[in-house]
Amino acid sequence: MAPKKCPETQKSPDVAVLLRSKSRRGPQELEPEAKKLRVQGPVSSRTCESCCLLAELSSLQIPSRSSSIVRDLYQHKLGKATWSSLQQGLQKSFLHSLASYQVFRKAAPFDRRTTSLAWHPTHPSTLAVGSKGGDIMIWNFGIKDKPIFLKGIGAGGSITGLKFNHLNTNQFFASSMEGTTRLQDFKGNILRVYTSSNSCKVWFCSLDVSAKSRVVVTGDNMGHVILLSTDGKELWNLRMHKKKVAHVALNPCCDWLLATASIDQTVKIWDLRQIKGKDSFLYSLPHRHPVNAACFSPDGARLLTTDQNNEIRVYSASQWDSPLNLISHPHRHFQHLTPIKATWHSRHNLIVVGRYPDPNLKSCVPYELRTIDVFDGSSGKMMCQLYDPGYSGITSLNEFNPMGDTLASTMGYHILIWSQEEDGSQKDHERL
């Protein structure tokens, strides 16, 4: 069956776009001019083009509230509305609320770009962020206390994966280019080292953990994937890909199901109970370009993949051989940019991803904005674009917290928190 392709230029009338004024921000908060991409052409022409594009985005309609959520719940209780229609109503209401989302917290604690991001599983205002220098910040932006900052080794210490320990949420797992996968506490103590390459030529690029099965899985730059128990026992170590394993993901509902994504242009699906060698995968999903990420949906029924060029795919567990949707979207690879990865919303059937406009694409318009794009997971249609002129860089990582009401984005050195917030509590946290 031919996959349904959704051009990224195809926008629904029901699209909400967030545009924020720079007037609230002081000159010291704006992105340094040296970091901005140079644009050829007269200033007057550039200003005109940008204003026209902003005006076009502003004219897009915001989804209207079709009915009361309370009424929808009541109709469902009476059996007059299906669960699917109730979910659609809740999603539409959430999309309407996105129109009022804004950056209300900001931090820039690192001297190198951010490389990884993880939300705390039980504290909706707490997240961990890692940097290219190996630094890790544990930040509860809901309180005024200073964040926990764990200093890394600097060059060569890039944090490639972060996961909180669900069995002890004052601990976290981390994989790094330093050549280790480890368990640490918030004081910086290393409690256990799961893998150590002891070589500068081998490092670990990806990480996932299952609290239910008590296993840790990590992938390295040589194509190996290692499965360990949380007490440190190695269960197996196999070369599953020809090149770097950029991402590993355990299915949240069936944690014996593993997805691995590689720059060898494949994503593979594995059954951990039946792995006997590199050829014992259940499915191999070929891509046209190297793959940055493969993420299971919260219900475990679908898989979202992001390549290193301009394609996002959605696969269904009922039909692995062909993607349900191909979404054309610019997010090309660049050496000094943290790879862009699309993620699922934690509650709704939505996909969130940062945009890196590509002038080589026919769909690219002059001075296209670096927005955060939100797509419908079923149709592949763009539903919303978030943009703040005060934070105009490329957001490589974007993830909603477990409650689904707050979005964290990383943009170069910066960490941005988007949410609905009253003006009286809007405060920017500068360098911490």
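Yeah, the Cβs are placed from backbone N, Cα and C, and that goes for glycine too.
Look at Swiss-Prot and you will find 1-31 tagged as region 'Disordered'.
Annotated N6-acetyllysine per Swiss-Prot: Lys35 (among others), in sequence order, evidence recorded as similarity to another entry.
According to Swiss-Prot, the region 'Required for interaction with DDB1' annotation covers 68-79 (among others).
Look at Swiss-Prot and you will find Lys77 (among others) tagged as N6-acetyllysine, backed by similarity to another entry.
On the 0 to 100 pLDDT scale, the model's mean across the region 'Required for interaction with DDB1' (87-98) is 83. Swiss-Prot lists 87-98 (among others) with the feature region 'Required for interaction with DDB1'.
Under the heading repeat 'WD 1', Swiss-Prot lists 116-151.
Under DSSP, the residues of the repeat 'WD 2' (159-194) split into helix, strand and coil as follows: 0 helix, 23 strand, 13 coil. What Swiss-Prot records for 159-194 is repeat 'WD 2'.
Same-chain residues lying 6 or more positions outside the repeat 'WD 3' (203-238) and placing a CB less than 8 Å from one of its CB atoms are 160-163, 165-167, 173-181, 192, 194-195, 197, 244-250, 255-256, 258, 260, 262, 264, 272, 275, 277-278. Taken from Swiss-Prot, the feature repeat 'WD 3' covers 203-238.
Positions annotated as repeat 'WD 4' by Swiss-Prot: 244-287. With DSSP classes pooled into helix, strand and coil, the tally for the repeat 'WD 4' (244-287) is 0 helix, 22 strand, 22 coil.
Swiss-Prot lists 256-274 with the feature motif 'DWD box', giving similarity to another entry as the kind of evidence.
Secondary structure of the repeat 'WD 5' (290-329), assigned with DSSP and counted as helix (H, G, I), strand (E, B) and coil, comes to 0 helix, 23 strand, 17 coil. Annotation comment: Swiss-Prot describes 290-329 as repeat 'WD 5'.
Among the features that Swiss-Prot reports, repeat 'WD 6' is placed at 343-386.
DSSP states for the repeat 'WD 7' (396-420), grouped as helix (H, G, I), strand (E, B) and coil, give 0 helix, 15 strand, 10 coil. Annotated repeat 'WD 7' per Swiss-Prot: 396-420, in sequence order.
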Quick one: DSSP breakdown of the repeat 'WD 1' (116-151) into helix, strand and coil?
0 helix, 18 strand, 18 coil
In the same chain, residues at least 6 away from the ends of the repeat 'WD 7' (396-420) whose Cβ sits under 8 Å of its Cβ atoms read 35, 94, 97, 100-114, 116-119, 121-122, 124-125, 127, 129, 137, 139, 141, 337-341, 343, 345-348, 352-354, 372, 386
Residue counts for the repeat 'WD 6' (343-386) under DSSP, helix then strand then coil, are 0 helix, 18 strand, 26 coil
So if I exclude everything within five residues of the ends of the repeat 'WD 1' (116-151), which remaining residues of that chain have a CB under 8 angstroms from its CBs? That is, six or more out.
105, 107, 109-110, 157-164, 166, 169, 172, 174, 176, 178, 184, 186, 188, 338, 397, 399-403, 405-406, 408, 410, 415, 417, 429, 432
